[in-house]
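Student: So TrEMBL lists these for the protein:
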{"type": "TRANSMEM", "residues": "44-66", "note": "transmembrane segment"}
{"type": "DOMAIN", "residues": "44-472", "note": "domain 'Major facilitator superfamily (MFS) profile'"}
{"type": "TRANSMEM", "residues": "78-99", "note": "transmembrane segment"}
{"type": "TRANSMEM", "residues": "111-132", "note": "transmembrane segment"}
{"type": "TRANSMEM", "residues": "138-161", "note": "transmembrane segment"}
{"type": "TRANSMEM", "residues": "173-193", "note": "transmembrane segment"}
{"type": "TRANSMEM", "residues": "199-223", "note": "transmembrane segment"}
{"type": "TRANSMEM", "residues": "284-306", "note": "transmembrane segment"}
{"type": "TRANSMEM", "residues": "326-344", "note": "transmembrane segment"}
{"type": "TRANSMEM", "residues": "351-373", "note": "transmembrane segment"}
{"type": "TRANSMEM", "residues": "379-405", "note": "transmembrane segment"}
{"type": "TRANSMEM", "residues": "417-444", "note": "transmembrane segment"}
{"type": "TRANSMEM", "residues": "450-468", "note": "transmembrane segment"}
Amino acid sequence: MYSQPLSNNNKIYNGERPTKLINIAQPNNEQRENIHYRFFLHKITWICTLGGLLFGYDTGVINGALPYMRNDLKLSDVKIGIVTSSLLIGATFGSFIGGHLADWIGRRKTLIILSIIFIIGTIGCSLSNLNFLIFFRFILGLAVGGASTTVPVFLAELSPAKLRGQVVTRNELMIVSGQLVAYICNAILGNIWGHRLDIWRWMLALAVIPAICLLIGILFGGIPESPRWLCHKGKNELAISVLKKIRRNEQEVFDEVEDVKQTMEQEQNKTFSNCLYERWLRRCLFIGIGVAMCNQLAGVNSIMYFGTDILTRSGLDNNAALVANIANGVISVLATCLGIWLLGRIGRRPMLLSGQIGTIVMHLFIGTTALVFKEGTIRGYLVLSLTVTFLLFQQGGISPVTWLVQSEMFPLKIRGLAMGLTTSILWLINCLISFLFPVLVGLINVWGTSYLFVIIGVSAAIFVWFFMPETRLKSLEELERQFRAENLKELRSPAKNGITSTNIRQNT
C-alpha cells in the first residue's frame, strides 16, 4: 500500500503503518525512573503510616467512649483516669522498647511485631471487663508507643533529604486522620446506638481493621528494610539494592552509601551509654527531649482526649459535643496538610515558633472566654471555635515539626534508641497531663487550666528560640557533622542554597 520508504519516525511494523510516533506523552528513561522511585516511595509511606493511623485512632477513640464506659463499668473519676492513662503508660514503655528493638532486629521486623500487638490489644480491649481493659489498654499502648518511634525513623531513613519533610510528616497526617476517624465513628455509633451501654466496645473494636491491613501490607506489600540500618549491619549490597528502588539514579545511591559509611566510621565502638559522655550527643538528647516536651506541654491532648468533656462543661449536651468534636478532627487533618506543604517551603524553626506563639494566644482566649461568659450554648460554641483555631497552630506547626526533627537529629548508631528515649518522655508528659487535666479543671476550672498552659507555653517558646536547630534540606549525615562540630550558629541557620553534604562532596 505504501511504496515509498518511510522516515525513521514512521517505520513499518508487520507491514502496517503505525500512528506517527510522538514523544509528547512518552516519558524518557529518566522520567520513567523518577516515576518508579516516587511510586515505590509513596507505597512504602502509605503502608507504614497505617501505624500512625492506629496511633491516632487508639488515642482519639477514648474521647467519645469514656461517657459510655463510665455508665457501663460504673467508673469513678479515678478509674477513668487510670483507663485513659493506661494506654499512655504503655506507650511510654513501648516507645523506648520499640526504639531499642528497631536498632536490634531492624525497622521492618519491628513493625511486623507491632502490628500483631495492635491486633491483640484491640481485640482484648473490646472484650474485657475493667481489670482486663486496663491491662489490654497497656498492651495496646506498647504498640502505639513503638509505632510512634519506629515509623518516623523508618521513613526518615528511606527518604531523600529533599522529600524527607513531606514523607515523614505524612505520618503526622495519618495520626490526626486516625483521630478524625475515631471522632466520626464515635459520633455515628453514639447517635444511633447510644442507648446501648456497651457501644464503647464497638468503638474500640473498629481499630482491628487498619491493624490487619498494616500487617498484610508489611508482609506482602514489598516493604524493604531501612538501607541505613542494613549499612549499619554491614549488609551494603542489600542496602544498595533497596536504595536503587527509592532513589532517582545510581549516583545518588552510591553517594548516600558513602555518606553512611563515613559516618559509621566515626561512630565505631560507640554505645548509647558511652555516647552520653560526649557533649554534642548530650546536646542532641537535650534538644530532642525539649522539643518533645514542648509538643505535649502546649496542651494539645487536653483537647484531643477530653474535647467532648470540655464542650459539655462549656454548655453543649453529650450528643452535640460528640458531633461538634468532629470539627477538631477535621481542622487537625487540614492543618497537618498545610504543615506538610509549609515544610517543603520554610524552615523547621520558624514553623515551630509560630505554632508555639499561636497556641499561647489561643489558650489565653480560651481561658478568658471561660472566665467571662456564663455556661451555655454560646460559650460552648465560642470555646469550640477557639479550640479549632488552637489546633490549626498545633497540628499545622508544632506536631509535624516535632516528629520530623526527632527522626532527623540523632546519629545512626543510636537513632532508634535515642528517639525511643525522647519519645518515651513525650508519652510520659502526655500521660501526666491526661491524668492531671480533669483534676486541674475540677480545682481551678477551665480558665485557670488554660492560663497555666499560657505560662508553660511562653517557657517552651523561649527554649525553641535558643536551642532548636534548623534541619531543612540537610542530609542526616550533614546534621550529624554539624552537631559534632558544635557549631550552634550553623545548626540554627538554614542550609545554604539548599546544598547538602552530598552536593558538597560532588563539587569538591
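Using N, Cα and C of the backbone, Cβ positions are placed for all residues, glycine too.
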Student: Going through 78-99, 111-132, 173-193, 284-306, 450-468 one by one, which has the most CB pairs that fall under 8 Å from the transmembrane segment (379-405)?
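Tutor: Out of the listed stretches, 284-306 contacts the transmembrane segment (379-405) most.
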Student: Are there at least 3 C-beta pairs under 8 angstroms linking the transmembrane segment (78-99) and the transmembrane segment (138-161), leaving out pairs fewer than 6 apart in sequence?
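Tutor: Checked: the transmembrane segment (138-161) vs the transmembrane segment (78-99), in contact.
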Student: Take a look at 173-193, 199-223, 284-306, 326-344, 351-373 and tell me which one has the most Cβ pairs under 8 Å to the transmembrane segment (417-444).
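Tutor: Selected stretch: 284-306, with the most Cβ pairs under 8 Å.
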Student: Other than its close neighbours in sequence, what residues sit by the transmembrane segment (111-132), given a CB gap under 8 Å and a spacing of at least six beyond its ends?
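Tutor: Non-local partners: 48, 51, 54, 58, 73, 75, 79, 83, 98, 101, 139-143, 146-147, 150-151, 154, 201-202, 204-205, 207-208, 211-212, 214-215, 218-219, 223.
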Student: In the same chain, who gets a Cβ under 8 Å from the transmembrane segment (351-373) while lying at least 6 residues past its ends?
Tutor: 291, 294, 298-300, 314, 339, 342-343, 379, 382-383, 386-387, 389-390, 392-394, 396-398, 400-402, 445-451, 453-454, 457-458, 460-461, 464-465, 468
Student: Based on Cβ pairs under 8 Å, which of the stretches 78-99, 173-193, 326-344, 450-468 lies most in contact with the transmembrane segment (284-306)?
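Tutor: So the stretch in question is 450-468.
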